[in-house]
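Asker: For 1-22, 697-733, the entry in TrEMBL reads region 'Disordered'. The feature compositional bias 'Basic and acidic residues' is assigned by TrEMBL to 9-22, 703-723. As annotated by TrEMBL, domain 'Protein kinase' applies to 50-309, 400-657. Per TrEMBL, the feature ATP binding site maps to 56-64, LYS82, 406-414, LYS429. Sequence annotations record features per position, and here TrEMBL assigns active site, proton acceptor to ASP175, ASP517. What TrEMBL lists as domain 'AGC-kinase C-terminal' is 310-379. Sequence annotations record features per position, and here TrEMBL assigns compositional bias 'Basic residues' to 724-733.
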Amino acid sequence: MEIETTEEEVSHDAEPTAEEITKEEEGIVKEIDISHHVKEGFEKADPSQFELLKVLGQGSYGKVFLVRKIKGSDAGQLYAMKVLKKATLKVRDRVRSKMERDILAEVNHPFIVKLHYAFQTEGKLYLILDFLRGGDLFTRLSKEVMFTEEDVKFYLAELALALDHLHGLGIIYRDLKPENILLDEEGHIKITDFGLSKEAIDHDKRAYSFCGTIEYMAPEVVNRRGHTQSADWWSFGVLMFEMLTGSLPFQGKDRKETMALILKAKLGMPQFLSIEAQSLLRALFKRNPSNRLGAGLDGVEEIKRHPFFVTIDWNKLYRKEIKPPFKPAVGRPEDTFHFDPEFTSRTPTDSPGVPPSANAHHLFRGFSFVASSLVQEPAQQDLHKVTQLHGNNIHFTDGYEIKEDIGVGSYSVCKRCVHKATDTEYAVKIIDKSKRDPSEEIEILLRYGQHPNIITLKDVYDDGKYVYLVMELMRGGELLDRILRQKYFSEREASAVLCTITKTMDYLHSQGVVHRDLKPSNILYMDESGNPDSIRICDFGFAKQLRAENGLLMTPCYTANFVAPEVLKRQGYDAACDIWSLGILLYTMLAGFTPFANGPDDTPEEILARIGSGKYALSGGNWDSVSDAAKDVVSKMLHVDPHQRLTAVQVLRHPWIVNRDYLSQNQLSRQDVHLVKSQVPFPTPPKNTMQETVLSVEELEREEGRGSEERGGGEGREREGSIRRHKKYKAKF
């Protein structure tokens, strides 16, 4: 960058003085009334209707709580409650609070945070808002995922629609910055924190106040010569530049130099960006606001028509029909893993507010209802510290009573436990950290555990030696147990069961996750109903997420464009192993016995030899009454060559699944359940025709010998979420 400016040229660009602030305040009406706002179709609210669950953020101005509504027709709903103490708000800040309430009450848009209730007591102002669990967009992407220009385009498009909606209401946002762009649990954006927004201006009128975060300010805001809604499109360009390159376009060693850069610097355009991206940035970085893209009579339509956005279907985008590139690891609805434990470990109390006094002049810094400083991933050490749900000083046994064993594995034991406060039963998986790093399993459960057929993680504890994963208690038992003991089980029911499990695996495979340990004991029923909807995939101890060498996840677009072919080949092979396991399960459901074991006296070597030959019977016994379609799908799921084996998508499209309602409901016979379970050889699919070495999951882990330790810590790492390296990335599960 080249800077051509002098001391005199930027002297008038400093922050407003105390005298200027006083003059501004003199023109402000002193009595601020925050009128009640009531959620449409609901009754008036007050503080007594909300149960305080956790503290999400705190400052001298007040607190932000996670709350649950305990009265009214929306009882049980979770919200974020922003509580402002009137006594600590300066007059100008009270105006900002009123402004935020008024703007939020007026706005209803899929990509803008929603105000559900607003009310006040003698000493406090209350705003009841959406509770967003995904954290802020930039933190999640920069620390967790590799993404591409196409991925950036998605977020910018949603942001453009949100800004256009505000502009249509006569609102300048004026505080567009990373921490104010949040993610919901699906990965869509929502913008928040309207304390600095300016309401009720026309296109030919201007605002003059100096506000916002300096690096994102438009030149006309910096020089205080008046600004319009066009200032938001400059900030939009700053965000776009930062997302695409990992750095800010205008950033000096201090505020004064940063302002000088914004006003005068010539910006060099990174050449690794596409021609369309460079063109859009140049159109947004016009120092004359009237020449800036989006400033014309067509407003946002100018931006939507730009070639950079040519692939966006704006109607589908608005209806949230376009899948976000990244799904945050958010856990269950009330989890606060992404909030600062300094706050979440505190006991939530809302003390009575002191009425505002004339000499109360504490500085109010407008804050989001989601804490802007998210939990940083701890540096990886010999024993990785796992982020807990309950703060570092609370031990598992403080909240739960441990009961009998449910299952025992090489690295962990699963026990029944009871939550002391609620007397609710759960299962707890206790993992020895010296034998296995559980961080990958925890992250997968947090990110994907909201799927209806994946077990839900409830709590996480870490005492230094062991990690405790508290999960749903599976009262229905193992899938194979239940089916083989069932009095009546038909081909139609087998199709329904396989459909449910395969849909779940298709979801995981599409996200770059392979389970790698789909054995009967890891497919359970939530309850005694036997309904396929109650099936849960459990135990993700051997599961892997596709990652780049730097440890970051990759969006599907990044994977398709920049991951080396041999890595994609390995990914496909691991996914094919999951399908093999489902093929064994399907064969057993239909035949009543396993495909590669003849009896209890078979040795492992004999069973493995049969697996390698790919020989199994599809005639005799139940097979004489099973449909040809069933035999076809079984044979294609158990193909010895993983490259020719069906994928999860292909299984779901198979006529045996699609035409399930026409299948037989005749009872299938079966062997004794204990005999069948002793025969099931799930760990090892056959060697493929490419002569790749196939290992059991346990052998594979020992061979890799690294697990997630290779990924390294999060400290000192550059913004690797940027896309400035367009080379093929080696990656691994």
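We number each residue from 1, going along the chain as drawn.
Note: Cβ is positioned from N, Cα and C throughout, glycine not excepted.
Predicted automatically and left uncurated, TrEMBL annotations should be read as such.
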Asker: Looking only at C-alpha atoms, tell me how far LYS82 (ATP binding site) is from ASP175 (active site, proton acceptor), rounded to the nearest Å.
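Answerer: ASP175 (active site, proton acceptor) has its Cα 18 Å from the Cα of LYS82 (ATP binding site).
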Asker: For a quick check of understanding: among the binding-site residues LEU56, VAL408, which residue's Cβ has the most other Cβ atoms within 10 Å?
Answerer: LEU56
Asker: Measure from the CA atom of VAL408 (ATP binding site) to the CA atom of ASP517 (active site, proton acceptor) and give the result in Å, rounded to a whole number.
Answerer: 15
Asker: Restricting to the same chain and to sequence separations of six or more, state which residues have a Cβ under 8 Å from that of CYS414 (ATP binding site).
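Answerer: CYS414 (ATP binding site) has long-range Cβ partners ASP405, ILE406, GLY407, VAL408, ALA427, VAL428, LYS429, ILE430.
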Asker: For TYR411 (ATP binding site) and ASP175 (active site, proton acceptor), what Cα-Cα distance in Å is obtained after rounding to a whole number?
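Answerer: Computed Cα spacing between TYR411 (ATP binding site) and ASP175 (active site, proton acceptor) is 49 Å.
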Asker: Tell me whether ASP517 (active site, proton acceptor) sits in a helix, a strand or coil according to DSSP.
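Answerer: SS state of ASP517 (active site, proton acceptor) = coil.
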Asker: To the nearest whole angstrom, what is the C-alpha distance linking LEU56 (ATP binding site) and ASP175 (active site, proton acceptor)?
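Answerer: With the alpha carbons as reference points, the distance is 21 Å.
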Asker: Please name the residue among the recorded positions LYS82, ASP175, TYR411, ASP517 whose C-beta has the most neighbouring C-beta atoms within 10 angstroms.
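Answerer: By the 10 Å Cβ neighbour count, LYS82 comes out on top.
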Asker: For TYR411 (ATP binding site), name the DSSP secondary structure in the helix/strand/coil scheme.
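Answerer: DSSP assigns TYR411 (ATP binding site) to coil.
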Asker: Taking DSSP as the reference, which of helix, strand or coil describes ASP175 (active site, proton acceptor)?
Answerer: coil
